[in-house]
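Q: Pulled these features from Swiss-Prot for this protein:
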{"type": "DOMAIN", "residues": "23-75", "note": "domain 'bHLH'"}
{"type": "MOD_RES", "residues": "Ser14", "note": "phosphoserine"}
{"type": "MOD_RES", "residues": "Ser25", "note": "phosphoserine"}
{"type": "MOTIF", "residues": "106-115", "note": "motif 'Nuclear export signal'"}
Amino acid sequence: MKAFSPVRSVRKNSLSDHSLGISRSKTPVDDPMSLLYNMNDCYSKLKELVPSIPQNKKVSKMEILQHVIDYILDLQIALDSHPTIVSLHHQRPGQNQASRTPLTTLNTDISILSLQASEFPSELMSNDSKALCG
């Protein structure tokens, strides 16, 4: 026997949401199976992209990750041994050498810019800027 409450649910349905058939997207916590399928899709895509992974053989997720790491390291070695890059490394000591900015720095900069942009009054933004921001 199921227990039930005579009190109605407090959740409101917006008329516009109901009439347009718009539903809220679930978070991964709400639907762990969708997260699992999404991760499996990502592993399948990695398997397609990395040339050293045999396509006709079943490989574990761990093997896929190992192949991906090896492939990234191989690409880094190939990039570092490219003649243009090698010539940059052999510059005179007084010259600036090109260095790669860590992604964490770039992500932090983007977050700061996003926060600053959200503080501007909307009337000061041009129509082009509004289209880009929202």
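Going from the start of the chain as shown, residues are counted 1 onward.
Each residue, glycine too, has its Cβ placed from N, Cα and C.
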Q: Give the residue counts of the domain 'bHLH' (23-75) per reduced DSSP state, in the order helix, strand, coil.
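A: Each residue of the domain 'bHLH' (23-75) counted once, the result is 33 helix, 0 strand, 20 coil.
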Q: Averaged over the whole of the domain 'bHLH' (23-75), what is the pLDDT?
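A: Summarising the domain 'bHLH' (23-75) by its mean pLDDT gives 86.
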